[in-house]
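As written in Swiss-Prot, here are the features:
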DOMAIN    2-77  domain 'Lipoyl-binding'
MOD_RES   Lys43  N6-lipoyllysine
DOMAIN    104-141  domain 'Peripheral subunit-binding (PSBD)'
ACT_SITE  His370  active site
ACT_SITE  Asp374  active site
Amino acid sequence: MAIDIKAPTFPESIADGTVATWHKKPGEPVKRDELIVDIETDKVVMEVLAEADGVIAEIVKNEGDTVLSGELLGKLTEGGAATAAPAAAPAPAAAAPAAAEAPILSPAARKIAEENAIAADSITGTGKGGRVTKEDAVAAAEAKKSAPAGQPAPAATAAPLFAAGDRVEKRVPMTRLRAKVAERLVEAQSSMAMLTTFNEVNMKPVMELRAKYKDLFEKTHNGVRLGFMSFFVKAAVEALKRQPGVNASIDGNDIVYHGYQDIGVAVSSDRGLVVPVLRNAEFMSLAEIEGGINEFGKKAKAGKLTIEEMTGGTFTISNGGVFGSLLSTPIVNPPQTAILGMHKIQERPMAVNGQVVILPMMYLALSYDHRLIDGKEAVTFLVTMKDLLEDPARLLLDV
C-alpha cells in the first residue's frame, strides 16, 4: 500500500518551508519512525518520520523546493523493506570508485565545516551512504578545538580552496532563517519610530555575589551554574512591572498590555540567532532561569528548539557582550515594543564620592518604539534596572 509522505502541519505563524535534506533515496528501505526528510522553516528545522516500514517509492519535492503545510513530499510503499534488501547486495562491488567522490554534507554540516575551516573530506560521515551529518561536523569541530596546540600539522594538510591572490566571489542562497531575520529587521525599521537610550551599570555587586555563592548555588541546584543573565532577567521583570508600557505591544490602533512577562533570550546557533522564550519569567527563580537558558542553548546547538519555544514573548534581552561588543543599538523584535542590549563588562575609571575608582562597568541599551513608549518611561526603565543590579539584594526583597 502506498503512503503519502507529507510536510508537517505548520502553525499560523509559518507560511511555508523548504526541503532541506532527504535522508533516503527512491528504492531505499526505511523503518517506522525513521527520519526521512528535513523541512527548514524560518524558525526551526522540522523532521518528517516514516509512518511505517517500507521503501521510498517516489520523491515529489526535491531539496531546495518550497512546500506548504501538509503538502505531498513523496510516497512510501508499505511493507517493501524486506524485498528491497537483496537489491542492495551488489552495492559493495560498486563502492570502490565512490571513495574518490567528494563527501556528501547536510546543509547544517556544511555550514559548521565552513565556519570552523574544516575540510569536508577530513570528516568521517556516519550517515546513510557516508553522508556527513550535523553531529559528525560538530564532533569534528570539537576535536579540532581540543587538539593540542603543539600539533597543528594535520589541520594544515588540507589544500587551500583558492590560489593566493585570486579575486573570488561565492554566491549562496540565504537560509530561510536568515531571510526571515532580514525581512523582520527591515519591517521593524520601517514600521516603528525606534529610538535607543543608554545607561551604565556597576557590575561589581553582582560579580561579588556570584563569586561568593556560585559553588554553593551549583551544588544546591544539581549542577546549574549561576551566571549574569538570570540577574538581568529578574531585574527586567521587576522593571517591566513598574513600566507596563515597555511590556506592551501595538495591535492596529489598540495597545495590548500583557499581565505577564515572557522574556525572549537571544541565543546563538549554527543557523543564526534565535530567540527562545522564558514563559512567565515573573514566577521563575534564578536557578530556573539559568536552567531554562542552559537548556535553550543545548537545544539551539542541536537544532532541536520547537516553534512553541520561539513563539511569542513580550520583551527581549540580547547579550552582545559575549562576543565582545562594547556598545550597540539593538533592533526591536515586532510586535514587541522594546529590547534590552547587554554588553561587555570592562573595567573603567569612575568618579565615586570624589575619588577615582576602577570598576567593572557595562553599558545597557534599551531600544524602544516611541509610538508607544515615551522617553521618560524608557529612561526610568533603565534606571530601575541599574538600581536593582547595583544592589541585587533588592531583587530578593522586592523593594
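Cβ atoms here come from the backbone N, Cα and C positions, even for glycine.
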Query = Taking all residues of the domain 'Peripheral subunit-binding (PSBD)' (104-141) together, what is their mean pLDDT?
reply = 73
Ask   = For Asp374 (active site), what is the secondary structure state per DSSP, taken as helix, strand or coil?
value = coil
Remark   = Cβ density check for Lys43 (N6-lipoyllysine), other Cβ within 10 Å (all protein chains) comes to 23
Query = What does DSSP say about Lys43 (N6-lipoyllysine): helix, strand or coil?
reply = coil
